[in-house]
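Below is one structure, written out as structure tokens, with a few remarks after it.
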Amino acid sequence: MVKVYYNGDIKENVLAGKKVAIIGYGSQGHAHALNLKESGIDVIVGVRQGKSFTQAQEDGHQVFSVREAAAQADIIMVLLPDEQQQKVYEAEIKDELTAGKSLVFAHGFNVHFHQIVPPADVDVFLVAPKGPGHLVRRTYEQGAGVPALFAIYQDVSGEAKDTALAYAKGIGGARAGVLETTFKEETETDLFGEQAVLCGGLTALVKAGFETLTEAGYQPELAYFECLHELKLIVDLMYEEGLAGMRYSISDTAQWGDFVSGPRVVDAKVKESMKQVLTDIQNGTFAKEWIVENQVNRPRFNAINASENEHQIEKVGRQLREMMPFVKQGKKKEAVVSVAQN
């Protein structure tokens, strides 16, 4: 059974006298920095010159280059996209990691897959809120919080767990509950969820349903409504009440269709494919492919992305969403399964 920690379980004043550097000031960085600051913790921000630098200053933070922030800090939280972390770490953080400091992440990818190899004389842990930055910030302001994960990779001081929990408390996570895990478990389950269910599996399912209807002669607009637009209603019900709560809220006809047809679509073969996806994550195949793809400037990524953006479901969706003033249009990218961009 997972171990969960709350505010009352966490030692007081663990971060007193320590300086925390937030590296990156996107959605998560913004939330972490403000929440920690309002929790009475000494926070600075390390970020490149640009909009994020200016925004951090306007929010009242002391802002430095990444190297300068890392040099000053006792605790360095890296909140950059996975694919940027190794380069920034090697160029601007590594040499500032003197003995006794703590190196912190919100996702274990680069440490688990050995793209970042921390020195042996620093603590290494992760604190990962299970929600996007705007939610981490909003719930904190409301006196609540978003559940978070923490894991210890390297405990040189003997105090890494206390420090990790104190950090989680500082961003509001311990108000909701902080769950203990490992870098391996956090990384592999996060990647699997993204690939097999939340992003890869779901988008493939939606497209397959849309194509099945349109290829059978149904109007693409109706196919869009039934296979994509109405998804939010169902997901919101599952989010709030679980599968059983969702089924309670839908019609009996829909529920019966769920029972008899769902297993025909997601059958044993699909589950076997999911197991292969998990194996590729566990043995490092996916990580190697993604690392190489970034090293050669993402030719496959860019080609697939361009092709997907031209799918009929996108064209129909853009037209239909113009009829829906209640749907926010635009390019806002608030990722719920990863840390925010710098």
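Just so you know, glycine gets a Cβ as well, placed from its N, Cα and C.
Cross-referencing GLY133, GLY143, GLY145, GLY158 against the NADP(+) binding annotation in Swiss-Prot, which names TYR25, GLY26, SER27, GLN28, ARG48, SER52, ASP82, GLU83, GLN84, GLN85, picks out GLY133.
A separation of roughly 36 Å, to the nearest angstrom, links the Cα atoms of GLU230 (Mg(2+) 2 binding site) and GLN84 (NADP(+) binding site). Across the domain 'KARI C-terminal knotted' (182-327), DSSP helix (H, G, I), strand (E, B) and coil residues number 122 helix, 0 strand, 24 coil. Of all the recorded positions listed (ARG48, HIS107), ARG48 has the fewest other CB atoms within 10 A of its CB. There are 11 other CB atoms within 10 A of the CB of GLU230 (Mg(2+) 2 binding site), with all protein chains counted.
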